[in-house]
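*Asks:* Encoded as structure tokens, here's the structure I'll be asking about.
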Amino acid sequence: MSVAKSIAAVLVALLPGALAQANTSYVDYNVEANPNLTPQSVATIDLSFPDCENGPLSKTLVCDTSARPHDRAAALVSMFTFEELVNNTGNTSPGVPRLGLPPYQVWSEALHGLDRANFTDEGEYSWATSFPMPILTMSALNRTLINQIATIIATQGRAFNNVGRYGLDVYAPNINAFRSAMWGRGQETPGEDAYCLASAYAYEYITGIQGGVDPEHLKLVATAKHYAGYDLENWDGHSRLGNDMNITQQELSEYYTPQFLVAARDAKVHSVMCSYNAVNGVPSCANSFFLQTLLRDTFGFVEDGYVSSDCDSAYNVWNPHEFAANITGAAADSIRAGTDIDCGTTYQYYFGEAFDEQEVTRAEIERGVIRLYSNLVRLGYFDGNGSVYRDLTWNDVVTTDAWNISYEAAVEGIVLLKNDGTLPLAKSVRSVALIGPWMNVTTQLQGNYFGPAPYLISPLNAFQNSDFDVNYAFGTNISSHSTDGFSEALSAAKKSDVIIFAGGIDNTLEAEAMDRMNITWPGNQLQLIDQLSQLGKPLIVLQMGGGQVDSSSLKSNKNVNSLIWGGYPGQSGGQALLDIITGKRAPAGRLVVTQYPAEYATQFPATDMSLRPHGNNPGQTYMWYTGTPVYEFGHGLFYTTFHASLPGTGKDKTSFNIQDLLTQPHPGFANVEQMPLLNFTVTITNTGKVASDYTAMLFANTTAGPAPYPNKWLVGFDRLASLEPHRSQTMTIPVTIDSVARTDEAGNRVLYPGKYELALNNERSVVLQFVLTGREAVIFKWPVEQQQISSA
């Protein structure tokens, strides 16, 4: 029997479910956006631990806690037969029964709470805390909050893992930048800014999940995804599984990968997921430039960090990309390029044939499996009850601290887009009309990638549990064109002091495998809002969902008194919205995306990856958009007023020689360009009557270096907690050397001599100018892209 046939027989015997279903249907993935994959679920395998006390491995090096993790993993893998080795190259690994090595599931989810866990029906381990979607959390501009959320998720994940109900590797965070306003998964990301926001989110989330910066004992393994150039699902029939994204070296370096550099170099992420799409003709999971030249040789990916394919993307290297001549070649191309573990069954089914045909070697396959098990060693998988996190239990899941932080994230992220003084509601308001498809929601609060929550508070729930008299009417559905519910809605509005409409978009319109074709309010929601606005009563609109919709008609309608963006606010979302509306809490979130006018979606194809304006493309993201947005990136109103001023010493340095900057000592920093160029320090005074948090975005702009020039770019952000009226507080935002560099056409980060400007927020409340002198200098060298591996 050949090696290939032997492996297939073993797989069918061990895993009669998912792994007995190889991809032989040959779906047309050029138009189908979902992989034909039925992965083994956590619920159907035994997630126990190896017995290093009395089991077959107890006397081997893998159970020796004094040995190096790599050596322990290598010793384990060296004991595998070839068939056993191949069996353990997929996300659903059967382990090695003869060695007492249990099955293992690589694929767990932790985007904003536990998902793909084996939840019980009731009682212990039946739920986990559900935080807001990342797009809303990032809008809070609070680094500490991101880290707290990730830390809690990791704690709860380890508690579930200790009873065999969750894995130790999580497919999170999603750090792709939200470039296209129509992208269905933009809700999962930290917004449209790659260099500053996505990178900061990556750092805080990864270090929270993993328990620090490359700790000796990993808490969980985070997976930075999707690497790289992935930001469409199925736009106009262009499937994510077959998209070939044409990206210049300049924008690949400037926009599509800097967050992955931070994830690898600074946060020391231990796993990276290669994406479905191809870039410049090469599928990401078969792209040695991405996975070796950039990730490992340039970005400094940890030595035993492993690359996981997105689910079935190794198969997609053949179908639909046709980069490889057949599925066996796709498996060989992917492993040789640096994709260590296959989320799917392609490796498990086709490595035998690839080995027989001498397209792969045992050493190439071992490399990936050793990397996976090195991380499991670092996670304490082989350490028995002595594992650092083995004492976490259900009691560590049931904590009001986690619930409070979920609520806090929702409150801090909510953005006040428009307000004429109607909010916060006056004390005299007694009755409210609650209308719209988002008013009485449950799991819709959670967005996507979620598990059961301990509770879900809808806006209707929250108001019903307050002192208001509530008149509720559904009104209309998200995408409905029926007006059958209008009369009931108008009736409820007429007998109320204030009208609140909650609508927008949801996961029926934006989701994984689903992009929008427009950025307008769907259905007849605007028609109903317009009729409500004619009743002569205060009207508040809650615009919900991850992506933005064109709310220009609401912005210009004087009878729409207030407009709030609430994202997907999680388990306490309704309470958070109530508390903002009533003034118990004050809004301070800022948009981390641009709200474009509706015609933007029709001007150029979403598959155009170029950010810089050209042809019919008016430019993408706040950095390059040449049109007039409905609401700018960074927009957000307060219930109070603030005054920002420089301390005024007049002694701060405003001229810097480039060569002096780059030759100075840099203790505490791995690279000199990570050092602060200057500290932007301002005094913030609450000049109004309401206590409020204050949020700031610091932008840079220049005409130094070659044209075209971006409008501006984000170099820092911060949040001050609860500033009382007439009180002042100092805020300092470090501006690093790297943050004022620009990217040349070859992808290099360059410091150019010339005049620069730093401006606080969109309103430019404080402006600081400085000059760089000397000679231009490359501070980050983008490696020359070479020919990729030849297809097998």
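Note: Cβ is positioned from N, Cα and C throughout, glycine not excepted.
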*Asks:* Swiss-Prot annotation N-linked glycosylation site: which of Asn91, Asn118 has it?
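*Replies:* Asn118, according to Swiss-Prot.
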*Asks:* Roughly how many Å separate the Cα of Asn385 (N-linked glycosylation site) from that of Asn118 (N-linked glycosylation site), to the nearest whole number?
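*Replies:* It is 22 Å, counting Cα to Cα.
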*Asks:* Name the residues of the same chain, 6+ apart in sequence, whose Cβ is under 8 Å from the Cβ of Asn142 (N-linked glycosylation site)?
*Replies:* Glu412, Arg719
*Asks:* Which has the fewest other Cβ atoms within 10 Å: Asn246, Asn701, the glycosylation sites listed?
*Replies:* Asn246
*Asks:* When the Cα of Asn440 (N-linked glycosylation site) is compared with the Cα of each of the glycosylation sites Asn326, Asn518, Asn679, Asn701, which one is closest?
*Replies:* Asn518
*Asks:* Using a 10 Å cut-off on Cβ-Cβ distances across all protein chains shown, tell me which of the glycosylation sites (Asn87, Asn118, Asn385, Asn440) has the largest neighbour count.
*Replies:* Asn87
*Asks:* Nearest to Asn701 (N-linked glycosylation site) by Cα, among Asn246, Asp310, Asn326, Asn404 (recorded positions)?
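*Replies:* Of all the candidates listed, Asn246 is nearest in space.
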*Asks:* Rounded to a whole number, how many Å is the Cα of Asn118 (N-linked glycosylation site) away from the Cα of Asn679 (N-linked glycosylation site)?
*Replies:* 48
*Asks:* Please state whether DSSP places Asn679 (N-linked glycosylation site) in a helix, a strand or coil.
*Replies:* strand
*Asks:* Within 10 Å of the Cβ of Asn679 (N-linked glycosylation site), how many other Cβ atoms can be counted across all chains shown?
*Replies:* 11
*Asks:* Across all chains shown, how many C-beta atoms besides its own are within 10 angstroms of the C-beta of Asp310 (active site)?
*Replies:* 26
